[in-house]
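TrEMBL lists 287, 288, 289, 290, 291, 292, 293, 294 with the feature ATP binding site. Annotated coiled coil per TrEMBL: 159-186, in sequence order. Sequence annotations record features per position, and here TrEMBL assigns domain 'Kinesin motor' to 193-590.
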Ligand code: ADP
Ligand code: MG
């Protein structure tokens with residue numbers, strides 16, 4: 001059988017060799033046994049031979065038997081000699097047969113050895129072939145690795161180049177960002193710190209007044225306010241018995257009744273960039289009841305429920321969107337370098353109610369607070385609840401709670417939510433490193449202002465935090481206090497003002513008269529404040545109403561104020577609409593006055 005390749009065949013051959021060796025050993029043992037027997041016979045013969053010779057010699061001395069024994073001895077001798085020869089021959093024969101067997105075995109062994117040899121030869125050839133193949137493979141792999149190494153080196157060089165260009169781009173981006181900041185703020189300055197946008201809501205079913213004749217009803221629901229273009233609103237009305245009205249008003253932006261909440265917010269968003277650049281910002285909705293202030297600021301509301309009710313993202317108003325945007329902008333800053341605190345208050349009958357205050361059982365209830373002016377000349381509401389929020393949804397949850405209270409709290413019961421001003425405040429504290437602090441601000445004026453405002457140290461903040469009524473684990477007290485760290489505090493105030501109509505003053509009595517009187521007083525105080533700012537009077541009468549006192553820091557100074565005038569388009573509301581447009585026009589004049597007097601920062605060279 002020709003041994004097969006591989007491990008199986010070699011083990012078969014090894015077994016065969018073992019068998020042959022076994023047989024060889026058996027034969028050798030047999031030869032040894034035969035040789036031993038042979039030697040014993042030789043020994044016996046050698047022992048017997050002298051005795052026979054002596055006997056023969058003795059017999060030979062006896063004359064009687066001499067001749068007999070001589071013959072016998074001769075015969076015996078010849079027989080012994082014959083036997084001896086026969087024994088020799090037998091031994092010879094035995095030896096030769098063993099040798100023959102051995103020869104046969106050796107021959108077989110040789111044959112096996114030969115086939116083993118040829119098998120080994122084949123194996124070695126096979127091994128050579130295989131090792132050659134392996135060698136080629138190894139060589140190919142080595143070459144591949146070399147190529148890969150080269151490619152890797154190329155990639156490393158490329159990655160290094162890319163890293164460098166990324167660094168350059170990042171540096172350029174940072175520079176551009178600074179430039180953008182400067183330009184953005186210059187642009188906002190140029191537009192004026194007080195801007196007025198005007199939104200005309202669509203005609204709605206409730207615009208048809210009940211209880212009037214059909215003709216009257218038709219004319220009441222007739223549209224009198226139109227957006228002539230993006231910046232002009234046209235009020236056109238001719239009523240029998242009244243002087244006809246045909247008047248245009250110019251604002252920074254006018255939205256027609258079809259414009260979406262998205263479009264409104266798109267123009268508000270840049271202000272939030274200013275907020276993160278260190279300016280206080282206030283966005284307020286002004287207009288008569290039913291003109292769309294709450295819709296614009298919060299979104300659509302259910303009857304009697306002032307909380308956020310919309311599931312539709314696209315329907316959300318400025319307050320939820322602004323918060324989302326603020327958190328989006330903040331997320332670009334290093335984590336832990338900022339925190340946001342929220343307060344929700346309602347100004348009703350010239351009283352401030354803290355809508356986030358909790359009683360000893362943790363139940364929210366509206367508690368009265370007061371507004372004061374600090375030694376630094378800032379407005380502050382002592383003991384006002386500030387809740388730290390980490391994202392827009394936490395914020396919405398909190399504001400929702402406050403808004404529910406606005407509706408349900410017994411001390412705050414009033415017929416219509418439009419009888420109170422709602423002020424949602426986001427206080428944003430950003431930690432800035434002292435060394436970088438200067439370069440953040442392109443113009444000297446702002447830089448000085450911010451540095452002045454940020455003159456707190458961390459240790460002070462930590463002290464503040466201990467005394468503040470509410471702060472959560474996310475409060476950055478954990479941050480290391482170093483002398484180089486400074487805090488920048490900015491404030492975003494989002495205001496849903498009470499309805500501006502002065503209707504029915506003469507006929508109204510009791511609580512309604514009181515409400516209306518307080519609303520009128522606070523709104524005219526707001527108009528007075530804007531007027532005083534316009535005239536650059538030394539004294540701005542912020543303290544004439546709790547509303548203006550509360551809004552002081554985000555209305556005056558270099559704070560950015562956006563007034564969103566809300567207009568109902570129906571003829572029924574003509575008087576109120578004209579009054580609102582008059583307020584907006586006066587507010588605009590404020591910024592015109594300021595623009596003339598202000599020196600606008602020019603971005604420094606090379607930036
Ligand atoms: P205000 O807060 O000024 O009293 P609301 O925001 O409550 O007025 O609006 C009164 C009604 O008009 C609400 O039902 C509101 O959903 C609806 N409304 C206001 N503005 C719009 C608008 N732009 N598009 C559709 N509906 C509007
Ligand atoms: Mg409202």
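Using the three backbone atoms N, Cα and C, a Cβ is placed for every residue, glycine included.
In TrEMBL, annotation is done automatically, which means it is predicted and not curated.
All features noted in TrEMBL, drawn onto the structure.
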residue: 287; record: ATP binding site; Cβ contacts under 8 Å, 6 or more apart: 293, 497, 499, 500, 565, 566, 567, 568, 576, 580
residue: 288; record: ATP binding site; Cβ contacts under 8 Å, 6 or more apart: 499, 500, 501, 566, 568, 573, 576, 577, 579, 580
residue: 291; record: ATP binding site; Cβ contacts under 8 Å, 6 or more apart: 201, 499, 566, 567, 568, 573, 576, 577, 580
residue: 292; record: ATP binding site; Cβ contacts under 8 Å, 6 or more apart: 199, 201, 285, 566, 568
Most Cβ neighbours inside 10 Å, all chains, among the binding-site residues 289, 294: 294
Where the C-beta lies under 6 angstroms from ligand 2, the matching binding-site residues among 287, 289, 291, 293, 294: 293, 294
Cβ under 6 Å from ligand 1: qualifying binding-site residues of 288, 289, 292, 293: 289, 292, 293
Which value does the mean pLDDT take for the coiled coil (159-186) in this predicted structure? 84
Residue 287 (ATP binding site), DSSP three-state class -> strand
